[in-house]
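Undergrad: Attaching a single structure in structure tokens format; questions to follow.
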Amino acid sequence: MTISKWPACERPREKLLESGAAALSDAELLAVLLRVGAAGKSAVDLARELLHRFGSLTALFAAQGQALAGVRGMGAAKFAQVQAIPELARRALAESLRLPSGFDSPDSVRSYLRLTLAPLQHEVFMCLFLDPGNRMVASEELFRGTLTRTSVYPREVARQALAHNAAGIIVAHNHPRGTTAPSQSDIHLTRELARTLDLIDVRLLDHFIVAGHEIRSLAESCERLPGL
């Protein structure tokens, strides 16, 4: 049965308009975005199939075209729709971090880093450059590595900080198939970054590690890094 023949109170779009987006399940929200399904398959059926196949929204949004092409009803247009969601979310969060009150909420920073780093299957080291008012002036991926490691050069981080006239920096990297527990090299790198940046009067505010849905602040959790 097509969604148009469902009772109005059960149709995802009408349910959203009546009760708000929070009242919908993940599959129902995804169905609103997809709009239509395929022959013999409603948009809700298609959404449920996608969530079942990929296991989570995070994995679905990180999926590439070839993986999605294996699902009947997922053409280029729907792939583009699915890919647009996390990118819009990242841009909205980045926009909020550029406001005067952006860094008043640590959750916004964590959410932005999760959205950016969690889906990646290789290690990435990124920097958020802040002005004296703690507004983000730039967000850049500086180094990219393999599944298990990446090489980071503190002098290049310092050079970019000067280029952006930054007063402070937040750095982050991901552990694609690991945990957020910092390695000895993570601790050593953070110390080296703090020392190098101190020479140019730029403060390293924090170093975050992202692994899946988890995120760890080394400034909050690591006793071996006093002063961050």
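Using N, Cα and C of the backbone, Cβ positions are placed for all residues, glycine too.
According to Swiss-Prot, the record shows the following:
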- 102-224: domain 'MPN' (DOMAIN)
- 173-186: motif 'JAMM motif' (MOTIF)
- H173, H175, D186: Zn(2+) binding site (BINDING)
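So where do these features actually land, and what's packed around them?
TA: Helix, strand and coil residue tallies for the motif 'JAMM motif' (173-186), in that order: 3 helix, 2 strand, 9 coil [DSSP].
For D186 (Zn(2+) binding site), the number of other Cβ atoms no farther than 10 Å from its own Cβ, over all displayed protein chains, is 20.
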Undergrad: Could you tell me what the rest of the chain brings near the motif 'JAMM motif' (173-186), counting residues at least six beyond its ends with Cβ under 8 Å?
TA: 117-118, 120-126, 147-148, 150, 152, 207-211, 214-216, 218, 222
Undergrad: What is the Cβ neighbour count of H175 (Zn(2+) binding site) at a 10 Å cut-off, with all protein chains included?
TA: 22
Undergrad: Give the sequence-ordered set of same-chain residues, not counting H173, H175, D186, with Cβ within 8 Å of the centre of the Cβ atoms defining the Zn(2+) site.
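TA: Counting only non-site residues, the set is E123, N174, G178, T180, P182, S183, I209, V210.
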Undergrad: Can you tell me how many other Cβ atoms are located within 10 Å of the Cβ belonging to H173 (Zn(2+) binding site)?
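TA: Excluding its own Cβ, the number within 10 Å is 24.
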Undergrad: Limited to the domain 'MPN' (102-224), I'd like the whole-number average of pLDDT.
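TA: Result for the domain 'MPN' (102-224): average pLDDT 88.
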